[in-house]
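So the structure is just underneath, and the comments pick up after that.
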């Protein structure tokens with residue numbers, strides 16, 4: 001089975017308080033030198049059939065209409081290597 | 001004939017019964033609508049209630065927005081049927097793109113639950129004609145994802161067209177842009193807000209005031225006169 005990964009991130013201009021909370025916690029745990037953290041979502045889609053152009057086009061459509069809200073989020077679609 | 005106002009129940013809706021009660025107290029007949037039934041059962045208006053439909057999975061309102069009942073509501077809202085989205089219902093309306101913008105996690109990451117003062121900014125929508133512009137009301141607020149956001153051009157448009165319907169007063173509880181608590185579409189039939197007018201319709205409970213009742217009497221008046 002082929003795997004396609006959709007990564008969804010808040011747009012750069014949108015404030016991400018969850019990422020900020022993670023960033024503030026890092027130095028307390030001894031993880032220094034990290035200037036910024038932004039938190040996103042990763043979707044792993046296992047395809048029943050081959051990853052062809054048509055399948056990828058449908059996944060892009062799903063990402064645009066459902067997995068991401070493009071008012072506030074950007075997304076990328078990629079085929080997982082080694083499948 | 002009695003005016004029929006539908007209240008949708010999604011899996012995870014919490015405030016559907018309170019919304020039905022508010023509709024009844026205003027003098028209309030509440031009609032329970034089920035998310036999987038695309039039939040609106042001849043209702044004249046629809047309330048999308050508060051709660052956590054689908055556990056807020058993916059994004060608040062993102063899964064409910066694709067339910068069978070929403071397909072019909074989106075179609076009817078575009079034709080002018082009054083639709084009110086409260087809290088989670090507001091999130092469903094932005095996810096449906098019936099209202100612009102989107103809702104984000106509160107900027108301080110805390111769940112907020114308290115009485116909230118609001119200023120009425122637009123008293124011409126289907127749901128706010130029984131208020132006065134500038135009137136201050138107090139209704140409960142309870143949410144996790146209440147930070148309204150939209151791109152600067154959309155905000156400018158909302159402000160210029162008077163489509164900000166309610167603004168938070170005294171304190172901005174979630175980092176919402178321009179203290180926006182509720183907005184309307186260009187036609188004024190679709191209104192969404194984060195605070196809960198349906199919890200402030202009887203003196204016994206909620207804020208001890210009935211500041212939320214005019215939402216439901218407004219729509220009734222509009223429907224009877226149209």
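Placed from the backbone N, Cα and C atoms, the Cβ positions cover glycine too.
What TrEMBL says about a protein is an automatic prediction, not a curated fact.
Taken from TrEMBL, the feature active site, nucleophile covers B:87. In sequence order, B:15, B:49, B:50, B:51, B:142, B:143, B:146, B:193, B:194, B:195, B:196 constitute the residues six or more apart from residue B:87 (active site, nucleophile) in its chain with CB-CB distances below 8 Å.
Positions annotated as active site by TrEMBL: B:196 (among others). Under the DSSP three-state reduction, residue B:196 (active site) is assigned to coil, being neither helix nor strand.
Within the same chain, the residues at least 6 positions away from residue B:198 (active site) whose Cβ sits under 8 Å from its Cβ are B:15, B:18, B:19, B:21, B:22, B:47, B:49, B:50, B:86, B:212, B:215, B:216, listed in sequence order. Positions annotated as active site by TrEMBL: B:198 (among others).
All protein chains considered, the CB of residue B:196 (active site) has 24 other CB atoms within 10 Å.
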